[in-house]
Amino acid sequence: MARTLQGEWMKVEQKGGQVPAPRSSHGIAVIGDKLYCFGGEDPPYESIDNDLYVFDFNTHTWSIAPANGDVPKTRVLGTRMVAVGTKLYVFGGRNKQLEFEDFYSYDTVKEEWKFLTKLDEKGGPEARTFHSMTSDENHVYVFGGVSKGGLNATPFRFRTIEAYNIAEGKWAQLPDPGEDFEKRGMAGFLVVQGKLWVFYGFATANDPKIPTLYGSQDYESNRVHCYDPATQKWTEVETTGFEKPSRRSCFAHAAVGKYIIIFGGEIERDPEAHQGPGTLSREGFALDTETLVWERYEGGPIKPSNRGWVASTTTTINGKKGLLVHGGKLMTNERTDEMYFFAVNSST
């Protein structure tokens, strides 16, 4: 059967400059012809720096953005970042000493950081790591992640979405998806054609009597959910496909049209948990959010090796939209600084 999504992998050349060290558990976002990179770890649980790195797609060189304004003080891992307009939004993360960061923006025109929200205060979002983040034109969304504890009684992982209204500068929690919804970290999280999709991720069992894949209450999930802001309703989505991805977390993902595109990820955690590499994938899959059918994609000979705990985003390079992947953890448990782009050539 002919594949409905065609594309090709390319390795993005990096010619030098102030190049970020290899890392995982960091955040990236693209504004115009610039890629921004923040946070990360190497080795496990060792945060690296608090510099904001800038990659120029025209010169293929790196630089460090000016550190003006309310610069985040903590060197963080397990953080996430998105772009809306000309601003970056960075949420959460922590260092080895369990010092957690808050919510900031960075104006790429003024080249200035701005403190936005103190996390862990009553009535607002709680501090966290290994969460997921996405955005639309008016909102920044944060899903899941691992709890610090904070002032509110909270499970070890979250199952709710926090929505930040950019114009109003206010947070609101979207409707709770219910007890059957898994609490997850490192899940896929995207806005696709106006709806919020949560898929796969590392989950905590709701019922302690339920046996899990690892003999504990933590496991890789394969469930897919969708939230419609128009109706304020959650739906668990039953997907199909001859080549359907196995359970996983910590994978790269992007939205292109009606498609959710994923790559790699952790398909089995390491016996030493985050200290080890686990079993990592180099498979690529695409979900048609209209037909709800998964299919595998290959993308030619230039394909990333097995990896997880990457940073990823949707962007356009050379006129083609696709999935950009930076850094991550390899099967050797080493971190990488490689950058790859899966360019979508056609989709039906």
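Note that Cβ sites are derived from N, Cα and C of the backbone, with glycine treated the same way.
Now, the feature entries from Swiss-Prot:
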- E46, R94, T129, F130, R157, R269, W309, V310: (Z)-N-(sulfonatooxy)alkanimidothioate binding site (BINDING)
- E266, D270, H274: Fe(2+) binding site (BINDING)
- 1-33: repeat 'Kelch 1' (REPEAT)
- 87-133: repeat 'Kelch 3' (REPEAT)
- 139-194: repeat 'Kelch 4' (REPEAT)
- 259-314: repeat 'Kelch 6' (REPEAT)
- Y45: site 'Essential for catalytic activity' (SITE)
Fill in: Sequence-remote partners of the repeat 'Kelch 1' (1-33) [C-beta within less than 8 Å, at least six residues beyond its ends]
39-42, 48-49, 51, 53, 55-64, 77-83, 85-86, 88, 90, 108, 130, 133, 259, 261, 286, 288, 295, 297, 299-300, 302-304, 308-313, 315, 317, 322, 324, 326-329, 334-348
Practice prompt. May I ask for the distance between D270 (Fe(2+) binding site) and W309 ((Z)-N-(sulfonatooxy)alkanimidothioate binding site), taken between their Cα atoms and rounded to an integer number of Å?
Written response: 13
Item to complete: Starting from the Cβ of H274 (Fe(2+) binding site), draw a 10 Å sphere and report how many other Cβ atoms land inside it.
Response: 19
Discussion item. Within a 10 Å radius around the Cβ, which one of these binding-site residues has the most neighbouring Cβ atoms: E46, E266, D270?
Written reply: E266
Fill in: pLDDT averaged over the residues of the repeat 'Kelch 1' (1-33)
93
Item to complete: Let me know the largest Cα to Cα distance in Å among the (Z)-N-(sulfonatooxy)alkanimidothioate-binding residues E46, R94, T129, F130, R157, R269, W309, V310, as an integer.
Response: 21
Worksheet entry | Secondary structure content, the repeat 'Kelch 3' (87-133) (per DSSP, counts of residues) | 0 helix, 22 strand, 25 coil
Practice prompt. Sort out the sequence-distant neighbours of Y45 (site 'Essential for catalytic activity') for me: same chain, 6+ apart, CB within less than 8 Å of its CB, listed by position.
Written response: L77, K96, H274, Q275
